[in-house]
Amino acid sequence: MRIDGVSYRTIWLASDGIGVEIIDQTRLPHDFVVLTLRSLADAETAIRDMWVRGAPLIGAAAAYGMALATREDATDAGLAAAYARLHATRPTAINLKWALDEMIAALSPLPVADRIAAAYARAAEICDEDAAMNSALGDNGCRIIADLWAKKQAAGGERINLLTHCNAGWLATVDWGTALAPVYKAFNAGIPIHVWVDETRPRNQGASLTARELNWHGVPHTVIADNTGGHLMQHGLVDLVIVGTDRTTRNGDVCNKIGTYLKALAAKDNNVPFYVGLPSPTIDWTVADGVKEIPIEQRSAREQTHIFGKTEAGTVTEVQVTPDGSPAVNYGFDVTPARLITGLITERGVCPASPEELKALFPERG
Ligand SMILES: CSC[C@@H](O)[C@@H](O)C(=O)COP(=O)(O)O
């Protein structure tokens, strides 16, 4: 992703070869701030407090967290303690556990003295693999958009209108994004595309992050209140929905940011195709029924009762939106059952959301 002519990933090794640099996503969209993580504790805080967020980026940050941890204690006991601390930071995105397991598999067989270098090497590989998978799934999703555009253009349409929820773009991954990778590929290929951006209360990942990155890339978009999508679909103003996912079960149930399920219901009722973009580390092969089995993160009620914004004077500040004393609850995710999903867009291709089709695409895992 390029910002003001400079190419960025969302996470990279600092020039000293030790620290890990990230973009502080809590400061976006108003301020672009790069932070350096120097310890296991820094990585833990960065994930838990959502300086970095989005399933694939959480996994990449956890991998580098393990690398930082090896500098503090690379023994088996040290690795196990680091695994436990990082694993406890956020419960829903399965990429976190996937990346930690990858790191343990790479490090455990090695002598302790070799583990620091190996940990940094595997973390860098995980980042490269994420970028490559997302690029490939972007190509696969772009073909869906191109087909829809060919039909719409033949019928006299002027542009493709795509709706997305939360931020499943470049900022949620190492590069490209998941739901937004097909958008960037389509835009780069000259397909006229416009994105309806759900604001995504309570943390506003749509309004603050998706809008920010589409804006950086020059993709036409419009931010909408979370409840607007159904109305737009009823009036033919949405050609397709693409969202990301924090965990997809082997049956094809999709867990994603709270509110995704309601968009899928509205899409089904209006015959709007509803797709999910996901790199394969987001599939949890150990889980079948997403509603019953996926742990749903509950975050601080303050994220619901308060909101950040920029004043006319240019100061970023937090204000309270609820009356004093009103309780609030903050579920982070919900599960969209496979029956509501048109297709899963992966790095290997697009498949219906079913156990048989997922297994056929990933025979070595299923
Ligand atoms: C490629 S990202 C897919 C999901 O991780 C994304 O849509 C999402 O729900 C992110 O949630 P967040 O709570 O911001 O980490």
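If you go along the chain as it appears here, the first residue is 1 and each next one adds 1.
Every residue, even glycine, has its Cβ placed from backbone N, Cα and C.
Note that the coordinates shown come from a computational prediction; the quantities given were computed from them, not determined experimentally.
Annotated substrate-binding residues in TrEMBL are Arg53, Gly54, Ala55, Gln205, Asn256, Lys257, and among Arg27, Arg71, Arg85, Arg90 the one listed with them is Arg90. Listed in sequence order, the residues Ile58, Thr92, Ala93, Cys166, Asn167, Ala168, Ala172, Gly244, Asp246, Gly332, Phe333 complete the 8 Å Cβ shell around the substrate site centroid, once Arg53, Gly54, Ala55, Arg90, Gln205, Asn256, Lys257 themselves are left out. Of the recorded residues, Gly54 (substrate binding site) and Cys166 (site 'Transition state stabilizer') place their C-alpha atoms 9 Å from one another. Geometry remark: Lys257 (substrate binding site) versus Asp246 (active site, proton donor), CA distance 8 Å. For the pair Gln205 (substrate binding site) and Cys166 (site 'Transition state stabilizer'), the Cα-Cα distance reads 5 Å. Taken residue by residue with DSSP, Asn256 (substrate binding site) is part of a strand. The distance from the Cα of Asp246 (active site, proton donor) to the Cα of Arg90 (substrate binding site) comes to 11 Å. Neighbours of Arg53 (substrate binding site), defined as other CB atoms within 10 A of its CB across all chains, total 23.
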